[in-house]
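Participant: Sharing a structure, written as structure tokens. Questions coming.
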């Protein structure tokens, strides 16, 4: 897409490509539905109105596409995911897959309405699918009790639209990278049939957002990574010697006392879903809090700090899920112009919404298809490069593995996910880039948990 393309022409082109991708075949089979079941949907698809797409032609084919053909993947079956699944099933979408790696906890029941007390301990995806398949006639929800990383590109390519209700930025970035990897280019021109639209929703307390991402055409997750706040971490000196907040006491026990005392046996890791582990952290945190006259340590707060739980409000989930489901409907039917492309919701004080067009970043590490330029002195140590990859607001990598081609061989400079390799490559962190044999213009390949793709960086030496 040309950089100088006018916004209106750009919007029209996107709409045409979406309509082409969602084009449906004529003909419809017997759905077994009772008369009047889909009247509420037909009002949007079988007649025109002031808000319909200028090129939309009312017909029965769009509804049949939803009922018989359109395949939607919902990632996440938590507070937002339950709302999404319900909205999609009642809007005519019947071919729905859902992925969630979590099991149901008693704390979920107040807002995740597809679950009941008898379901505690069972996989969220499986219970949600069972509930909807039983409650909504002819609905076929297929559950996957897995991580999103467990599936390959063939799996994701089968869906017409993917919608996310995640509480993890890492997972968002990974699925963003996966959908970008599905894109096909012919002579530098994007093949629109390879685009799998991504609808992403997120909530925190009384705030939320929803966005429409057309990989390769509009701003992706990485283009706007700076919008996501970094995870709150407390300085170790404060935690150890000057605690002031109940969170400081909990973090002290989690980070220092647990590995030192190993209360459940040598090498047993802390499990945030194990009540006995949380109870131990809670009691030790109370003891430390009493030493510093700190109040406010509760079992719920302990669980929230250990599991990094994001505050959830049912009404916020309902609003954001409604927006996301509406965008799925608009894209699937091409009946209405989709959101362009980012919506913010806030009802902390009154009600506020705002929509704006997030712009693509020219040098986005995910969707620009360009190597990322980084500048360092030849005397800089590899540790400085590692710090840059993890601390940069536009990269925010978690455990980058750095490799380079030296003397015709692919060499791992540092990899921390495998203990034996980490121990072998750790000395490289204290070496300079020149000592490692890197030269000006050297390409570094970096792998990270935030993306299924390897990110290429071009190293430029500064004088």
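Each residue's number is its place along the chain shown, starting with 1.
Heads up, the Cβ atoms here are built off N, Cα and C, so glycines get one too.
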Participant: Looking at 17-34, 35-52, 53-70, which one does Swiss-Prot call region 'Interaction with UBE2M N-terminus'?
Facilitator: 53-70
Participant: Select from 352-357, 358-363 the stretch of residues annotated by Swiss-Prot as region 'Interaction with NEDD8'.
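Facilitator: The listed stretch tagged region 'Interaction with NEDD8' in Swiss-Prot is 352-357.
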Participant: Which stretch, out of 242-248, 249-255, 256-262, 263-269, is listed as region 'Interaction with NAE1' by Swiss-Prot?
Facilitator: 242-248
Participant: Which residue range, 331-338, 339-346, is the one Swiss-Prot calls region 'Interaction with UBE2M N-terminus'?
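Facilitator: Among 331-338, 339-346, the range Swiss-Prot annotates as region 'Interaction with UBE2M N-terminus' is 331-338.
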Participant: On a simple 10 Å Cβ count over all chains shown, which one of the recorded positions 114, 237 is most densely packed?
Facilitator: 114
Participant: Taking the Cβ of residue 158 (ATP binding site) as centre, how many other Cβ atoms lie within 10 Å?
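Facilitator: Summing over all protein chains shown, residue 158 (ATP binding site) has 11 other Cβ atoms within 10 Å.
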Participant: For residue 237 (active site, glycyl thioester intermediate), identify the closest of the binding-site residues 100, 107, 121, 158, judging by Cα separation.
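Facilitator: Comparing Cα positions, the candidate nearest residue 237 (active site, glycyl thioester intermediate) turns out to be 107.
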Participant: Limited to the region 'Interaction with NAE1' (242-248), I'd like the whole-number average of pLDDT.
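Facilitator: A mean pLDDT of 90 is what the predicted model shows over the region 'Interaction with NAE1' (242-248).
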Participant: Counting Cβ atoms within 10 Å across all protein chains shown, which of the binding-site residues 121, 165 comes out on top?
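Facilitator: The residue with the most neighbouring Cβ atoms within 10 Å is 165.
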